[in-house]
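Chemist: To start, I am sharing the structure in question, which I have written as structure tokens.
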């Protein structure tokens with residue numbers, strides 16, 4: 001696998017709107033409380049939603065296989081009667097089925113990021129993007145931008161670097177966790193890394209805007225490095241230079257920690273460090289926590305069965 005060293009989560013966009021919620025460099029304590037509460041509620045919602053999605057996906061797969069076993073012969077005999085549009089859909093489905101689990105999970109994330117990137121190019125959308133797709137602890141709207149900003153990239157280099165790293169590590173993470181757990185972790189990690197950025201900016205009295213998927217991607221990267229520390233990685237433009245995943249994540253976290261201590265501004269080091277911590281935590285305790293979904297699965301199963309009666 002490859003690792004790209006450029007991990008921007010830019011905070012250098014100059015606002016022309018935004019209406020800060022406080023004067024000077026102060027961050028209202030209410031904004032911090034809202035950010036903490038939103039992170040907790042959003043994460044619980046993500047894992048509950050992933051549990052329900054897992055149930056529905058498994059149920060759908062079982063029903064689909066049963067139908068294929070029952071009606072497969074008839075469907076094959078009637079192929080000659082299908083039109084070209086049906087054939088196109090079949091070709092698309094075959095292509096989708098040929099993708100790896102990681103690519104299937106990466107694709108919708110990429111599409112969302114590309115959509116947000118395109119909206120930044122629309123002048124009429126600039127005020128909306130600054131308001132909702134950048135995270136700023138001193139703004140009047142704090143909560144949803146913590147989530148939406150994780151799909152937001154302003155520059156080509158920013159989105160390319162982030163999506164390249166995510167694609168490089170997503171397949172290993174999805175194979176380890178499963179797509180439902182991966183999505184819950186990825187989305188929760190994005191908001192958690194935004195919270196770490198909010199807390200750092202509030203603590204240092206340095207509010208400012210941040211955007212980018214780097215925090216969530218750092219979670220994926222750190223998770224894979226913690227799970228497979230002996231895996232050899234290389235830098236994109238220096239393929240002959242290799243190093244272990246375990247060493248890589250230690251260096252990256254060390255740089256981000258130094259960035260927080262020294263107050264470096266180019267990257268949102270607090271968000272990166274928070275994302276990496278989330279990933280390492282999940283690598284060690286995620287399996288036990290994910291197993292606790294069984295109670296919700298049973299409850300949802302009973303609820304669904306009751307409604308069908």
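Note that Cβ sites are derived from N, Cα and C of the backbone, with glycine treated the same way.
Quick paste of what TrEMBL says about this protein:
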type     : residues : note
DOMAIN   : 144-285  : domain 'Peptidase S54 rhomboid'
REGION   : 1-21     : region 'Disordered'
TRANSMEM : 35-53    : transmembrane segment
TRANSMEM : 105-122  : transmembrane segment
TRANSMEM : 142-161  : transmembrane segment
TRANSMEM : 181-199  : transmembrane segment
TRANSMEM : 235-258  : transmembrane segment
TRANSMEM : 270-291  : transmembrane segment
Chemist: Which one, 105-122, 142-161, 270-291, has the most C-beta pairs under 8 Å toward the transmembrane segment (181-199)?
Modeler: 270-291
Chemist: Apart from its near flanks, which chain residues at least 6 from the ends of the transmembrane segment (270-291) lie with a Cβ under 8 angstroms of it?
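Modeler: Sequence-distant neighbours of the transmembrane segment (270-291): 7, 9, 47, 177, 181, 185, 188-190, 192-197, 199-201, 210, 214-227, 249, 252-253, 256-257, 259-260.
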Chemist: Which residue counts does DSSP yield for the domain 'Peptidase S54 rhomboid' (144-285) in the helix, strand and coil classes, in that order?
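Modeler: Its residues fall into 105 helix, 12 strand, 25 coil.
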Chemist: Averaged over the domain 'Peptidase S54 rhomboid' (144-285), what pLDDT does the predicted model reach?
Modeler: 91
